[in-house]
Amino acid sequence: MVSAQLSSTFYATSCPNALSTIKSAIESAVSSEPRMGASLLRLHCHDCFVNGCDASVLLDDTANFTGEKTAFPNNNSLRGFDVIDTIKSQLENMCPGVVSCADIVTVAARDSVVALGGPSWPILLGRRDSTTANLSAANSDLPSPALNLSGLISAFSNKGFTAQEMVALSGSHTIGQARCTIFRDRIYNETNIDSSYATSLKSNCPSAGGDDKLAPLDVTSPASFDNAYFKNLRRKMGLLHSDQQLFNGGSTDFQVGAYSSDLGSFQIDFAKAMVKMGNLSPLTGKSGQIRKNCKKVN
């Protein structure tokens, strides 16, 4: 198991207030802007899907490599870097060179979900930070919102997730927002969408222009980590093409139905899948480094 070198008590003596510091910073950030919770959860997932949970997504471009921030799934889309930087500064003042950016991102995602009323899960610590980034892997490995069900199943399977885990993780779209440019084609050209829902979206997302106008991924309760996302899918009110694919006459319809009627089972499965997410190929031991600044290698 890759997590064998990770430990739940990794910072118990080296930085005993690390977790409480992250938690209070996240509670503050999410309290002032609920959308930030979704952004930090997404930041973690987009980090782990590319070369594992190594904070490579945080790196700015250098003369030696192009970072992952300009990859198509991330460009003008990923947020929360400033929150991570603030936490890193606090921890560097407290215990210099001890807590990795990769661990901060991992814990921040969990604490964000909790802050929005979602489940908690245990996190093993001790990840180290990458010394490079992988733009091409970010472009190829991150699931596109334009994917059909088979493509989604394949993208998650490539990272070791089952179709059921993919559906559970997709439930993260019960929080957060998306840009008009990402869902425009769906609301103007697709037929498996509630007509009044599509009409309401068109009022804020014109057929041309307005690319950065936002709409909630879960129109019912966008700032609450619940199972309304799945209920919406059953009403053909998935915002993204990839969302509605989960309930469109295919193999995952049953799972969507189960989660829509049982919040508890969704939260349990989501938490288990997030443990698995956080354990994707971490750098441990003497691999990588502990960055002093999350945006650049030491």
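Positions of Cβ are set from backbone N, Cα and C atoms, glycine also.
Just so you know, TrEMBL annotations never went through curation; they're auto-generated.
A quick note: this is a predicted structure, and the numbers were derived from the prediction, not measured.
TrEMBL annotations:
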DOMAIN    5-298  domain 'Plant heme peroxidase family profile'
DISULFID  Cys15-Cys95  disulfide bond
SITE      Arg42  site 'Transition state stabilizer'
ACT_SITE  His46  active site, proton acceptor
BINDING   Asp47, Val50, Gly52, Asp54, Ser56, Glu68  Ca(2+) 1 binding site
DISULFID  Cys48-Cys53  disulfide bond
DISULFID  Cys101-Cys294  disulfide bond
BINDING   Pro143  substrate binding site
BINDING   His173  heme b binding site
BINDING   Thr174, Asp218, Asp226  Ca(2+) 2 binding site
DISULFID  Cys180-Cys205  disulfide bond
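This view paints the features noted in TrEMBL onto the structure.
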{"residue": "Arg42", "record": "site 'Transition state stabilizer'", "Cβ contacts under 8 Å, 6 or more apart": "Leu78, Arg79, Gly80, Ser172, Gly176"}
{"residue": "Cys48", "record": "disulfide bond", "Cβ contacts under 8 Å, 6 or more apart": "Lys159, Met277, Gly278, Leu280"}
{"residue": "Val50", "record": "Ca(2+) 1 binding site", "Cβ contacts under 8 Å, 6 or more apart": "Ser56, Val57, Glu68, Ala133, Asn134, Ala137, Ala138, Asp141, Leu142"}
{"residue": "Asp54", "record": "Ca(2+) 1 binding site", "Cβ contacts under 8 Å, 6 or more apart": "Asp47, Ala102, Arg127, Arg128, Asp129, Ser130, Ser281, Pro282, Leu283, Gly288"}
{"residue": "Cys101", "record": "disulfide bond", "Cβ contacts under 8 Å, 6 or more apart": "Ala55, Leu58, Ile84, Lys88, Asp129, Arg291, Cys294"}
{"residue": "Pro143", "record": "substrate binding site", "Cβ contacts under 8 Å, 6 or more apart": "Phe49, Pro73, Gly151, Leu152, Ala155, Phe156, Ser242"}
{"residue": "Cys180", "record": "disulfide bond", "Cβ contacts under 8 Å, 6 or more apart": "Asn204, Cys205, Pro206, Gly210, Asp211, Asp212, Lys213, Leu214, Ala215"}
What number of additional C-beta atoms lies within 10 angstroms of the C-beta atom of Cys15 (disulfide bond)? 18
Number of other Cβ atoms within 10 Å of the Cβ of Cys95 (disulfide bond) across all protein chains: 15
Cβ proximity for the residue listed as 'active site, proton acceptor', under 8 A, sequence spacing 6+, ordered by residue number, returns Val57, Glu68, Pro73, Asn74, Leu78, Ala138, Leu142
Here the Cα-Cα span from His173 (heme b binding site) to Asp218 (Ca(2+) 2 binding site), rounded to a whole number of angstrom, reaches 7
Give me the CA-CA distance between Asp218 (Ca(2+) 2 binding site) and Cys15 (disulfide bond), in Å, as a whole number. 38
CA pair Cys53 (disulfide bond) / Cys95 (disulfide bond), Å rounded to integer, equals 22
Cα proximity to Thr174 (Ca(2+) 2 binding site), best match among recorded positions Cys15, Gly52, Cys95: Gly52
